Structure formats: structure tokens, C-alpha cells
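**Q** Take a look at this one; I'll ask things after.
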Amino acid sequence: MKRFVLVMLIAAVGLIPALGSFNQPSYAAAAATLKQGSQSGDVWDLQFRLKALGYYQQQLDGVYGAATTAAVRNFQTTYGLTADGVTGTSTWSALRKYSLNQADMDILAKVIYSEARGESYVGQVAVGAVVMNRLKSSQFPNTIQNIVFQEGAFTAVSDGQYWLRPDKTAYLAAQDAVRGWDPTKGAIYYFNPDTATSAWIWSRPQTLKIGSHIFAK
């Protein structure tokens, strides 16, 4: 596990400047079909998502060149899509299901940092994985923002710690959670047994304990 974490940390270093930036193009609600030669904020969003998933290794420049086309083809092959290098409706749908845009990545990193900054790296990824598992679950809202700001969902939102600025480790943990690393074995809840006051949370089926948090379904 330590070797895996080290490899993921090294591979992710090039993404951190992009993750921490707030002055990039905004994201369209319904992105247009993109192909080689396209230039727009949607291309930047596409590159960001592909880089977060490990498919795109170049600088984010908003230009749909050969490297972006190759990255799209690899993503399409992985997810059983027509590998034509064109980002149309089906490819956008898959990308939005399995990746986050920059704004959502920022939200995820803030949750990880504010809820688990004192935990091990695995413990931080675990908190991010819970958020991603909620995103896939019909029991919760269908956006990262609505999941995080659901009333009473996260202590750090309630007490204001959410607004602390996350560090690079939190962004790395967010990236690993988005890429599918789930140390929690599918948990959609977690709690600190030393401070939890809800009898209901203790009734949930527990998957494991990482650091100070118990994870549950």
C-alpha cells in the first residue's frame, strides 16, 4: 500500500498547479462536441478531467491537439466507448460520471482537508471516497456541491472549518478518490466514535476503521 501511495503521489505532482487555480475558463452546463482543432474553455475542462484521471499528461491549454485526441481515445477505450478521439455526448456523459471539474475538485479537497487533515494519507483518501460513493448513490444528491452542503452532512461545513484553505495533500487525496481508490470498501458514512452522539450512526453496518474514523454503509 505504501508503494502504491508513493507512486500516486509522484504521478500527481504535475496536476497540483492546475488544481489550485481559480482563474480558468468556466464550465458549460451542456458542453459542445469537441474534436481536434477545437479551442475553448470546454477543451480546458476536458483536459482537466482527463489529467485528473491520468489520461492526459500535458499542460492545460484549452487547445484540442494530438495529445488531447490520444487521451480521449484511451479514455473511450477504457469505458467501452467508440474510440474516435471525438468528445461527443456519450464521452461527456462518461467523463462527468467518473471525473470532476475544477470547481468540484476544489470542493472535494476542502472537505478532505477540513474533515481529515489530521488523519493519515489513506484516511484522507477515505473521506474523499465517501463523498464519491455518495455521488454514485441514489440516497444522496447528484452533485458534489449538493452532497457537501446537504444540511448536517459534514461537521466541517456546520462549524465553518470547511472554508480553510486545503493543502496539496488534500488535493492529491481528492485526485486518488476520483480515480477510484476506495479504502472504505464502499462506505457512504463515517464518524468519530469518540465524539459521535447519534445512536442512528452506530446502527449502520460498519466496514472498517481508519485512524479516528469508523466507516459504514
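Each residue, glycine too, has its Cβ placed from N, Cα and C.
OK, TrEMBL features for this one:
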- 1-28: signal peptide (SIGNAL)
- 41-95: domain 'Peptidoglycan binding-like' (DOMAIN)
- 118-216: domain 'Cell wall hydrolase SleB' (DOMAIN)
**Q** For the domain 'Peptidoglycan binding-like' (41-95), what are the DSSP-based totals of helix, strand and coil residues?
**A** 32 helix, 2 strand, 21 coil
**Q** How does the domain 'Cell wall hydrolase SleB' (118-216) divide up by DSSP, counting helix, then strand, then coil residues?
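**A** Split by secondary structure, the domain 'Cell wall hydrolase SleB' (118-216) comes out as 44 helix, 12 strand, 43 coil.
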